[in-house]
């Protein structure tokens, strides 16, 4: 009656062991470290940099606890661990001097950080500690408002210019104006209008066209399709998020939170960062893309020693390769409407560039007589230029062309991201800013830890006194619940905040409520004259329906908070919802297993250690 099959006990043991494995990293602590990231878009972080870091530190007799490459692509970095903060400080000075020949134009950015002491074998199993939010670690918080109206206007203006250019190329006479969020194309006769309509539908599939007339003037009114409108607004926010992510890397923050909040807001949280002014300057700065022609009058290989023509400038491309470009700018990034990783006609990695109408016209005029010449793409940030790519013009270019010679698909994806994220798609303004000091964060951790532990201890004492052995079983199940909750949060790499700690404490109280229901139902069965084995079976069975109903209704509220909430509310909802799921497993499945293991094999069981069973007086 009260026996589990062996596989259920094996399942419980496996789950508890996995819970212990993924909870353990939170107790290993952190060690001082330095994080080296790329300071330029054209410079990649590879294993060669890790070797260089090791050699520089060894040269200055600075001992490390390990140097390794972390992450990949644009988010790659090199981390070096140290025994103490004094060694960390000396190493930072040595690396900044050794890696950067020009302190005013650093190739690499060296930042102070803390890394987990979790053993490598655990990290290989993705057993990592939870991230700590601003209120627990300290840092800065920005809430930014995206001007989606400007993003929509930019898209409409680009389409308006594109339609003008496309109709002009087909020798279709029309007047193209913009009216709010629509484009009005005016024709003299219906035949021309139908011809123009076909061209627009072929070239602009995201537009809806409506035929109207005003007097003798025939019109086509173009408006964005609902799906395209939503995509435009979403892409504007997502592109800004991508741009912010790239800029935040310069701060050396390992656990930034950059996420969309609502349809037009972005939350930026930078744990561990205390210089709010610098952070605000970096995430709010502008970047400009330029397309220039290469001055091939300078012999390749002699750029550094040759006399640079008056109308040209010397730049650096790739791995420090010098290149001379004309000062005249062919095109700026404002004309780029899209950049995606793709393949060329030879199935080699490339980047597909889409320009708006004016951009396409300018590009045709610039490349018509320059086939076979070289063209460069330059990214300007903080008044410093980086040559992202130098390519040969194969044919006259229009509003769409490819950048070839990428080498790999990874390079194509990175360049496409840089072209899209080089500048903000839509303007933003900071509407909320706050800073949390590290001392306050440490105090919050201490208070949160003690409140949870004291709450757990108080519950344990009460349950054992009131329910005796069944109270002990309940406390054991509660401990498993806490273990699994922390393990899942660590496995998901969730960011723990102060409201999250409050949710953990609340989850403990709600989880023990299920055991109280079970214990009281068992007592009720005993009062009604059932034998102990039957009382255990009926108690768990009858309590299950009540536990399920109450937890499902509470879970619905938690999911609602998770979906519609943000910030602290969302952090609370994540822990709250996960706590409900783990409590249902531990309070029913685990506690039943322990009870069955203790009492299930006793055939002549006469009584249960469940406290005083009150019986009504006759």
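Cβ coordinates are placed from backbone N, Cα and C, and glycine is handled just like the others.
Across the domain 'SecD export protein N-terminal TM' (1-102), DSSP classifies residues as 53 helix, 19 strand, 30 coil. Taken from TrEMBL, the feature domain 'SecD export protein N-terminal TM' covers 1-102.
Residues belonging to the domain 'Protein translocase subunit SecDF P1' (237-296) score a mean pLDDT of 75 in the model. According to TrEMBL, the feature domain 'Protein translocase subunit SecDF P1' maps to 237-296.
Sequence annotations record features per position, and here TrEMBL assigns domain 'SecDF P1 head subdomain' to 316-426.
What TrEMBL records for 448-468 (among others) is transmembrane segment. Residues of the same chain lying 6 or more positions beyond the ends of the transmembrane segment (448-468) and with a Cβ under 8 Å from any Cβ of it are 136, 474-475, 478-479, 482, 498, 501-502, 504-505, 508-509, 512, 515, 519, 609-611.
Annotated transmembrane segment per TrEMBL: 475-494 (among others), in sequence order.
Sequence-distant contacts of the transmembrane segment (500-518) (same chain, six or more residues past either end, CB-CB distance under 8 Å): 133, 136, 448-449, 451-452, 455-456, 459, 463, 473-474, 477-478, 481-482, 485-486, 489, 494, 539-540, 543, 546-547, 550-551, 554, 571-576, 579-580, 582-584, 586-588, 591. Marked as transmembrane segment by TrEMBL: 500-518 (among others).
Same-chain neighbours of the transmembrane segment (552-572): 133, 261-262, 267, 495-500, 502-503, 510, 580-581, counting only residues six or more beyond its ends whose CB sits under 8 Å from a CB of the stretch. Look at TrEMBL and you will find 552-572 (among others) tagged as transmembrane segment.
Taking Cβ pairs closer than 8 Å, the transmembrane segment (578-599) reaches residues 2-4, 8-9, 12, 15, 469-470, 473-474, 476-478, 480-481, 484-485, 488-489, 503-504, 506-507, 510-512, 514-515, 518, 532-533, 536, 540, 544, 547-548, 551, 554-555, 558, 605, 608 in its own chain, all 6 or more past its ends. For 578-599 (among others), the entry in TrEMBL reads transmembrane segment.
When DSSP labels each residue, the domain 'SecDF P1 head subdomain' (316-426) comes out as 27 helix, 50 strand, 34 coil, counted as helix, strand and coil in that order. For the transmembrane segment (475-494), the residues of the chain that approach it from at least six positions outside its boundaries are 15-16, 18-23, 25-26, 126-131, 456, 459-460, 463-464, 500, 504, 507-508, 511-512, 515, 574-575, 578-579, 582-583, 585-587, 590-591, 594, judged by C-beta separation under 8 angstroms.
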